[in-house]
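Heads up, the thing below is written out as structure tokens.
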Amino acid sequence: MAVDEMQLAASMQMSNQMSNSQRMSFAIHEILGIQGNAYLSHGYCPQGTFLSNQPNFMDIGSCGVSGFDRQLCGTDSIGNAPAPLMYRMPISTSEVITSEPQTHVSSSSILSSATTSNSSGGGSSGGGGKASKRKKRRHRTIFTQYQIDELEKAFQDSHYPDIYAREVLAGKTELQEDRIQVWFQNRRAKWRKTEKTWGKSTIMAEYGLYGAMVRHSLPLPETITKSAEAADPQQSAAPWLLGMHKKSMEAAAHLESVEKCDMSDSDDDDRPVTPPVQRQVKNEYKPRIIEHVQQQAPQHQSSLNFDTSLVVSSSLSQLHFQDSQMIPNNNASLKLYHDYNNPM
């Protein structure tokens with residue numbers, strides 16, 4: 001029996017030594033040869049590390065040691081821990097389980113507070129969006145073509161109209177004076193932009209080269225007009241300008257031909273045109289008119305004969321009176337003639 005007890009004690013001692021050697025062989029400070037940590041030399045974690053106020057007591061940073069020594073805070077170190085530390089540890093797993101819902105409640109409360117803060121922030125941001133939407137929109141005026149034409153005419157006369165000119169325009173266009181002022185500001189900005197793009201030639205900016213030449217009645221260069229006779233307009237120096245020139249010439253020729261046709265039609269319209277119905281009526285009345293004239297002819301003839309007899313008698317009497325006056329004169333002239341022929 002004594003031998004058995006001795007063998008049992010020896011085996012237990014060997015198992016304890018083996019367990020101690022196995023425990024120490026797994027220690028990181030034994031593997032790395034670190035002996036400076038006072039807590040690791042005793043084989044337990046400092047007091048209060050497992051009952052920290054962190055949400056999760058198994059967190060990496062809950063132990064008082066460094067992060068890679070957290071494996072040392074296991075069952076072995078807890079078993080070797082002194083009595084004060086054991087008193088601070090939870091007695092059963094139920095206490096640990098009961099402590100976990102509190103952490104969940106706290107986290108849920110945190111989430112609820114975060115959601116309420118987000119909702120309040122969202123409401124404030126939404127209120128800001130509504131406030132921005134409630135801002136007064138700028139009044140935009142839609143101009144008619146007549147109003148634009150009148151404003152353009154005034155802009156050609158003056159880029160900076162005075163208050164009197166703006167009031168006159170307001171009466172013509174039925175616009176407010178401030179709207180007219182804003183339109184002129186925008187139009188001046190547009191004009192400056194086009195002037196900056198095209199230079200000082202605002203005519204070029206508004207109408208282009210061909211429009212400027214037509215507006216000022218400038219002749220096209222000979223290089224372009226000579227190339228107009230060519231079959232291919234692309235061979236000219238400015239094919240687009242030549243194309244516009246040809247189109248304008250064709251339009252002018254067509255307009256001239258139309259005007260000539262209108263003039264000839266107007267001349268024909270001036271002549272009286274008898275419709276065929278009137279011609280038939282005239283042809284029907286012609287024999288009746290001839291008969292009426294023939295019936296009235298003797299009366300007219302008698303009256304004409306009476307008138308002619310009176311005229312003839314009066315003319316004969318006048319001739320006789322003249323002859324009676326001319327006879328003495330003829331004798332006197334004959335007497336003078338004889339005296340001239342017979343001188344003394």
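Here the Cβ of each residue, glycine as well, is placed from N, Cα and C on the backbone.
Per Swiss-Prot, these features apply:
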{"type": "REGION", "residues": "97-139", "note": "region 'Disordered'"}
{"type": "COMPBIAS", "residues": "106-119", "note": "compositional bias 'Low complexity'"}
{"type": "COMPBIAS", "residues": "120-130", "note": "compositional bias 'Gly residues'"}
{"type": "DNA_BIND", "residues": "136-195", "note": "DNA-binding region"}
{"type": "DOMAIN", "residues": "196-250", "note": "domain 'CVC'"}
{"type": "REGION", "residues": "260-279", "note": "region 'Disordered'"}
When the pLDDT values for the DNA-binding region (136-195) are averaged, what is the result?
87
According to DSSP, how is the DNA-binding region (136-195) divided among helix, strand and coil residues?
43 helix, 0 strand, 17 coil
